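Per TrEMBL, the features are:
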- 33-69: domain 'DNA primase/helicase Gp4 N-terminal Bacteriophage T7-like' (DOMAIN)
Amino acid sequence: MQRLNSEVIKQAATGQWRYILPCIGIPESSLSNKHQPCPLCGGKDRYRFDDKQGLGTYICNQCGAGDGFGFIMQWQQCSFPEALETVARILGIEQGAVEPNTA
């Protein structure tokens with residue numbers, strides 16, 4: 001069995017979070033570097049999407065901070081491997097982005 005290569009997917013996702021996140025239902029209006037309602041917890045003025053280094057970074061005074069993968073994990077209530085699969089599917093990554101499962 002093979003699993004997705006996280007480094008390949010992370011590299012492909014860098015700088016693409018403003019495209020990726022709306023594909024899973026995040027409003028584009030939530031992807032600006034302004035204080036605004038948090039799409040994760042609903043807080044009125046505690047969140048901003050700063051996308052530092054193209055990593056999809058965000059910060060919320062209630063939810064905390066994270067990167068694009070963390071955002072997906074919270075939004076979809078999923079694991080990191082499931083978030084990787086979501087991003088790979090959105091970006092069309094399939095062949096050549098897997099590594100052998102040594103377990």
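Just so you know, the numbers here start at 1 and follow the chain as drawn.
Backbone N, Cα and C define each Cβ position, glycine as well.
Taking DSSP states H, G and I as helix and E and B as strand, the domain 'DNA primase/helicase Gp4 N-terminal Bacteriophage T7-like' (33-69) has 5 helix, 10 strand, 22 coil. Long-range contacts of the domain 'DNA primase/helicase Gp4 N-terminal Bacteriophage T7-like' (33-69) within its own chain (CB-CB distance under 8 A, at least 6 residues past either end) are made by residues 10, 13-18, 20-21, 26-27, 75, 80, 83-84, 87.
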